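A.B. asks: Take this structure first; my questions come after.
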Amino acid sequence: MLTLKKDRKIHIDKNYVILSLVWLGLLILFQLVGIYGEKWYVIFETQSFLYYHTFLEFFTIVIYFAIFIITYYTYSKNRRARLIIMFCTFFIVGFIDFFHTMTYSGMPGFFTEASIPIATTYWMIGRLIFAMGLLGAALVPVHKEVIHNRLYYVLGSIGIIFFIFYLVSYHINIFPAMFIEGQGLTALKIALEYVVMALLGIAILVFLKDYRNTKNVIFIQMAVGLSFGFFSEASFTLYSNVHDSYNMVGHIYKVISSYFVFRAIFIKNLDSPYIKLSCATEKIKKYAENLEKLVQERTKALEDANEKIIKDLQYARRIQQSLLPPKTLNLGNVTFASEFIPCQNVSGDFYDIYEIDDENIGIYIADVAGHGPSAAMMTIFTERVVAHKNNNFVKNEMLSCQKTLLHLYNEFNKSNFPVEMHIAILNGIYNKTTGVFSYCSAGMNTAPILIRSSGKMEMLDKSQGFPICKLGGVFVPEYLEAQIQLKAGDRIIFYTDGLIGNFSSNTFFREETLEEILHRNNSNSAVELRKDINREIRSIAKTKFIDDDITFVIMDVSDNY
């Protein structure tokens, strides 16, 4: 059975293709020159050749010094070792090419007479330094950094320039002949050109290796530039007259070579960072737009979630308030008037008034640590434990404030409430027949105020017990019950510390203010007293923030049952 394998796509790097086409074109052109060389061979008129030669040479000299400036100043930013070799190379070669141009046959000379030997020697030295410098730069790892003072390298380069200038200009005889008029290039000159070509060829391969590792197209451009330089040197192995067409073609290739090298170095060191910055700016702009859109979406989601939470809290508030007794309640000879003001949607304060039997009325007021939903859930727990009969808590035990609080303490410790939560509660029982009011406190930091029919006030502070908290495993509290005889016309106000607390700086009401209100409403009903207290709360709330739940219950006793 034959299995046909799915064809794999072969990825061809277009940059290698471009470089290959450049080499193919240069080889074809070089071959055509070899075939039709005699037909196309021209010896230019001296002045005409000098004009073009000077223009082309100065073009490359300007480019070399531009490369020097770019690499010299870029080195101070990124400290790459390659840049040291490059700025030294182009600085030296720029001056040597200048000397070569000024001493070329037919030129006025530069500190010495122009001559073919001097110009050719300058040329060969410049080409060797150029090829060795670029190969040396290519062999240094791309990202290798060094911390050297660049000025020393410039001074060293200046020394080399003066040394070469002195030797070539004033001691040309120590150098072997490179060109002999009437004969053409010497074997040494041709051999040295081949050495330069070999050095450039190796440099091309090293830059291609850098491209393979980094995929940075700049190294392809360097390879293209050096390829033109390679064929430029090949052209200089063919001329037989310093003013002929082979020499001119070599200089044209040299200009093209210098342009591509400049382009690669310029993009690498100057243009590329700005391109990256532009791309980064564009990305940041897109990210900002996406971020703005995302923020809007998240804001909408938060608004929706917040709206749902608010609705849920409003529902919780209604449920909590539905568990509270009516604000005005008449149970036989006792009238109750209450007020419940949460500082948030749901409150940590709660109270209840309930009939235990025909003779006894139960009442409690409590304050849970904290506010909000968690505290509100505690109110439901307390209401179910204290005010409702069940199999484990019989009616006779409900008639004891002391047993009721101990039962609440034990049930609380059986629950899974967090250890940081606790309940401060005051539980009371009023017997309508005897007029006795029994009460027991579990950590409540406010004491009810008894206002006799005569106007005399008493604090019901004879019972102070341990709060309901998660210490059942290490501590069993003892709750002491206190009693007070009530008569017709007597009044008790129960309240949480949101109204008046132990510390005057943290209370909403001043104690004197409450006493004043109680005195002036001594002959008024519980409902009227509640209205007066509420008016005072609203007045103070205009200038003072309500930061705690406020709850109070007024109990009025009329004729005995």
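Residue numbering: from 1, along the chain as shown.
Even glycines carry a Cβ here, placed using N, Cα and C.
The following feature annotations were taken from TrEMBL:
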COILED    277-308  coiled coil
DOMAIN    331-557  domain 'PPM-type phosphatase'
TRANSMEM  16-37  transmembrane segment
TRANSMEM  49-71  transmembrane segment
TRANSMEM  83-102  transmembrane segment
TRANSMEM  122-140  transmembrane segment
TRANSMEM  152-170  transmembrane segment
TRANSMEM  190-208  transmembrane segment
TRANSMEM  217-239  transmembrane segment
TRANSMEM  245-266  transmembrane segment
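Please situate the listed features within the shown structure.
C.D. replies: Only residues 6 or more beyond the boundaries of the transmembrane segment (122-140), in the same chain, are considered here, and those with a CB under 8 A from a CB of the stretch are 81-82, 85-86, 88-90, 92-93, 96-97, 99-100, 103, 164, 168, 178, 189, 192-193, 195-196, 199-200, 202-203, 206-207, 210, 226, 229, 233, 236, 261.
Here the transmembrane segment (245-266) has Cβ contacts under 8 Å with residues 33, 37, 40-44, 49, 52-53, 56-57, 59-60, 63-64, 66-67, 70-71, 86, 134, 218-219, 221-222, 224-229, 231-233, 235-236, 238-239 of the same chain, all six or more residues outside its ends.
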A.B. asks: Report yes or no: does the transmembrane segment (190-208) come within contact of the transmembrane segment (83-102), defined as 3 or more CB pairs under 8 Å with a sequence separation of 6 or more?
C.D. replies: no
